[in-house]
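Lifted from TrEMBL, the feature list:
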REGION    1-37  region 'Disordered'
DOMAIN    43-122  domain 'KHA'
DOMAIN    131-201  domain 'BTB'
Amino acid sequence: MAKGGESEWVEGGEGREEKKVGGGPGGRVAAHSGPSGGSAMRRVTLFLNGSPKNGKVVAVYGTLSDLLSVASSKLGIKATSVYNGKGGLIDDIALIRDDDVLFVCEGEPFIDPQTDSKPPEGLLGFHTDWLTLNVGGRYFTTTRSTLVNKEPDSMLAHMFKDKGVWGNKQDHRGAFLIDRSPEYFEPILNYLRHGQLIVNDGINLLGVLEEARFFGIDSLIEHLEVAIKNSQPPEDHSPISRKEFVRFLLATPTKSELRCQGLNFSGADLSRLDLRYINFKMANLSRCNLAHANLCCANLERADLSGSVLDCANLQGVKMLCSNAEGASLKLCNFEDPSGLKANLEGANLKGVDMEGSQMTGINLRVATLKNAKLKNCNLRGATLAGTDLENCDLSGCDLQEANLRGSNVKGAIFEEMLTPLHMSQSVR
């Protein structure tokens with residue numbers, strides 16, 4: 001025994017000296033390597049803090065930092081401290097003996113694996129009502145009842161309804177692993193907690209909806225669909241103005257095909273514009289002013305031209321199949337193409353139209369409706385009017401030479417002052 005209350009001893013098996021400094025109960029333990037065995041290999045068993053299972057046997061070399069690095073690699077954590085089995089913090093590599101059992105932590109307090117007081121399930125995965133989820137690397141602590149009670153038929157409810165159902169799919173902290181997006185999962189978890197859909201700014205509702213569908217949260221799906229619908233900006237159905245369309249025309253190369261399918265031009269002034277070859281299929285051109293416009297070879301199939309003014313328009317080779325031009329004015333229009341390309345108005349609704357004085361040689365008006373229409377002084381030579389409804393139509397002064405009127409309805413039609421006689425073979429009604 002040394003003077004001053006100091007005691008010292010040497011453990012020869014390890015080649016290491018330990019010295020207790022200070023005679024009182026508050027002494028500290030220090031160690032240093034002896035001259036004979038400082039480089040001897042030691043083996044220790046490492047466990048996660050609080051867990052007596054799945055240990056790793058490693059060799060101890062170098063410094064304490066080296067041991068923490070090895071522990072991090074072996075246990076898959078970011079090790080910051082090491083405790084012995086009694087909860088003592090190891091701050092010197094020399095304090096470690098051969099075959100020691102050590103517990104590695106990430107900064108949390110020491111948890112005795114032998115104690116009866118068990119930590120929350122978020123740490124070690126014990127099956128209490130509290131549990132922790134690792135969703136895409138982010139931790140969420142909640143209760144089993146939160147995940148089960150609100151939506152008992154959901155995937156989350158089936159996952160956590162019975163203890164042990166999730167098997168060993170837990171990380172090193174005992175948190176249950178779920179490979180989904182944490183930012184979209186958070187609003188779902190909050191909804192299960194209080195029944196309200198609350199989404200932070202910057203979170204895409206479509207992403208939350210996809211997660212809700214994945215987890216089978218049916219009542220939340222309905223809320224999200226309504227929220228997404230309400231968040232969409234209202235569709236702009238306002239008509240395109242002349243100024244906007246002219247700017248569009250000027251910015252488009254002359255050889256490019258212009259597609260205006262389904263666009264709304266209702267009430268627009270498009271008079272005297274060059275609209276050749278433009279595709280207006282199914283467009284809304286109702287009440288438009290198209291007087292003197294050049295619509296040569298334009299596609300107006302199924303377009304709405306009701307109430308529009310097309311007086312003196314160039315309609316050579318135009319396609320107006322099944323279009324609606326009821327009540328429109330087409331006086332003095334030119335449908336006649338010298339090259340032989342015929343305008344096609346088959347199946348068009350032309351009720352009450354005024355086409356007086358129009359040039360319509362060879363036009364196709366098959367099964368079109370011209371009830372109560374005015375076709376006075378029109379050139380209809382070689383026109384196809386088979387199956388056309390001409391009831392109460394004014395055809396006085398028309399040239400119907402070689403026109404095909406077979407199957408047409410001419411009830412109440414006016415044929416006064418015809419330029420050429422109408423043969424019986426041309427009409428069977």
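Just so you know, glycine gets a Cβ as well, placed from its N, Cα and C.
All annotation found in TrEMBL is predicted automatically rather than curated by experts.
Predicted-model confidence for the domain 'BTB' (131-201) is 86, expressed as mean pLDDT. The helix, strand and coil residue counts that DSSP assigns across the domain 'KHA' (43-122) are 17 helix, 21 strand, 42 coil. In terms of DSSP secondary structure, the domain 'BTB' (131-201) contains 25 helix, 15 strand, 31 coil.
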